[in-house]
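Single-structure report; data block below.
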Amino acid sequence: MAEKVAVLLGGTSAEREVSLLSGQAVLAGLKEAGIDAYGVDTKDFPVTQLKEQGFDKVFIALHGRGGEDGTLQGVLEFLQLPYTGSGVMASALTMDKLRTKLVWQALGLPISPYVALNRQQFETLSPEELVACVAKLGLPLIVKPSHEGSSVGMSKVDHASELQKALVEAFQHDSDVLIEKWLSGPEFTVAILGDEVLPSIRIQPPGVFYDYDAKYLSDKTQYFCPSGLSDESEQQLAALALQAYHALDCSGWGRVDVMQDRDGHFYLLEVNTSPGMTSHSLVPMAARQYGLSFSQLVARILMLAD
């Protein structure tokens, strides 16, 4: 009998709208590949009932909290339902940008200099103390919530007077915030499928950085795949991405985001364990360059589910 596959989409995180788009695309791709797949919006459907509804396998197309932070993965482990992407620990770890950095730092992998602040510290420090706290990083800075995806709550800080406002914005989304040294070079992303590294993509957003609008709404964001790197740099980037991915115990598929500075050095940003699969998304773009159609890509991801 053919496997019955649930494509989990929507959900309740700040990335719900993106997840709905990803899920519908995945669903169409799986059906095109001849797979018996059904869309399930977890906002309306309790995942604990998946097995009794006859589902044999789960394709996770949820983004953000509750979908790629280990919570859902734990439920699916308990239900003994195979699912796409990373397991509980890797999903939880990669959703936490601070702890991801701590692991990479311990292994000597390149990351941008940063300062971490929690809400209590933020509320007790004066504006002058905050500025002193990040003085060692130098301006400009990027401020981001530790647990949000899709660039939600992120701000660039060009002047010390802007730091307070950027932190207030970030703390609206999280109780832990990262302040990082701004890297002015290009951004790259590297998709990983199983243990295969797909061609890198160079991202050129229309604005200051690759924010939510640039990722999902703008038609002015430019993507270059092949990325234009030399063969040597492409191999170096691929090796770094795979090392960073395995350091966090990721599996199945994912995407590693990287910045390059003016001297050509790469710095790790984060890993996405349930990347976007919309018309603007990067993994399908890299897969096309690799020779995989969208339906072949989603079928391969599903095949890697365990």
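Using the three backbone atoms N, Cα and C, a Cβ is placed for every residue, glycine included.
So that you can see what the record holds, here are the features copied from Swiss-Prot:
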- 134-189: ATP binding site (BINDING)
- Asp257, Glu270: Mg(2+) 1 binding site (BINDING)
- Glu270, Asn272: Mg(2+) 2 binding site (BINDING)
- 101-303: domain 'ATP-grasp' (DOMAIN)
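The distance from the Cα of Asn272 (Mg(2+) 2 binding site) to the Cα of Val134 (ATP binding site) comes to 27 Å. In sequence order, Val134, Lys156, Val157, Leu163, Ala166, Ile179, Glu180, Lys181, Trp182 constitute the residues six or more apart from Leu141 (ATP binding site) in its chain with CB-CB distances below 8 Å. Averaged across the domain 'ATP-grasp' (101-303), pLDDT in this predicted model comes to 91.
Ser155 (ATP binding site) sits 18 Å from Asp257 (Mg(2+) 1 binding site), counting Cα to Cα. Within the same chain, residues at least six positions away from Glu162 (ATP binding site) with a Cβ under 8 Å of its Cβ are Ser155. Using a 10 Å Cβ-Cβ cutoff, Glu270 (Mg(2+) 1 binding site) registers 20 neighbours. Of the binding-site residues Ser155, Asn272, Asn272 has the largest number of other Cβ atoms within 10 Å of its own Cβ. Rounded to the nearest whole angstrom, the C-alpha distance between Asp176 (ATP binding site) and Asp257 (Mg(2+) 1 binding site) is 20. With a 10 A radius on its CB, Leu183 (ATP binding site) counts 21 other CB atoms from all the protein chains. Put simply, Asp257 (Mg(2+) 1 binding site) is 13 Å from Leu183 (ATP binding site) when counted between their Cα atoms. Rounded to a whole number, the distance between the Cα atoms of Glu270 (Mg(2+) 1 binding site) and Glu169 (ATP binding site) is 20 Å.
Residues within less than 8 Å, Cβ to Cβ, of Asp257 (Mg(2+) 1 binding site) and separated from it by at least 6 positions along the same chain comprise Glu187, Phe188, Thr189, Leu268, Leu269, Glu270, Val271, Asn272.
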